[in-house]
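Working notes, structure below.
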Amino acid sequence: MVNQKIQLICETESAVQFTALCQQKGLIHDPNSYLALVQTKVEGQVRLELRKLDEPKLGAVYVDFVTGTMAHRRKFGGGRAEAVAKAVGIKGNYLPTVIDATAGLGRDAFVLAALGCKVRLVERHPVVHLLLQDGLKRAYADAEIGTMMQANMQLLDIAHIQELNSSEEGADVVYLDPMYPHKQKSALVKKEMRIFQHLIGADLDADMLLEPALLLAQKRAVVKRPDYADFLAKKTPHFSHQTKNHRFDIYLKT
């Protein structure tokens, strides 16, 4: 069970709603925590942020599908040539349904959704779940991508894919990208990873995700790994797609 104690800070006038949201996810305010979930307002929009208070230079982690990096990736990224698109098997008119069982900040899921895949997301850590839920809420209301997002990206109110019924709630593809201990030299590359390591740590029970993923997947399970990582659950995939720093291991449904 992850530690759900975190400093809870409200910088808006919606303290009652923020408190209720945190209580719903079982978050406990810890005034001594260096990690803080913050409700703030930026350019007139209320959003949730994760901050590491003892390292303010890291900035905040939040989910934004409308502007910034994700908007640029949607408009000018590789599209169907993106590694994740190839890994899930997008080809011609075939757009698989996908369950992203370790959704995180929803970035890979967003790439697939923007290409037309129907993606259901599962995120078990309550703080990350709230960040993702908040980002989706703002995206659903956006004039440009709102309709697409509502149709193609759905965050499920469950903590683990084992809660899904494989016969009724499966998908063509189940996608896994569990947290993995970073090499020391790469630990500072991304602020999100540094803050996430403090919040979540490594996914020590990640191996237990593969079996339920294979049960839910109707065609394949895809596991994203750092290029130096072992196969998940020590299970050899049918084949892999290699990128500069990562590897997509593909397990076909037999």
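Cβ atoms are placed via backbone N, Cα and C, with glycine included.
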Additional site residue, Asp54, Asp64, Asp172, Asp177 [criterion: listed by Swiss-Prot with Arg107, Asp108, Glu123, Arg124 for S-adenosyl-L-methionine]: Asp177
DSSP-derived class (H/G/I helix, E/B strand, else coil) of Asp177 (S-adenosyl-L-methionine binding site): coil
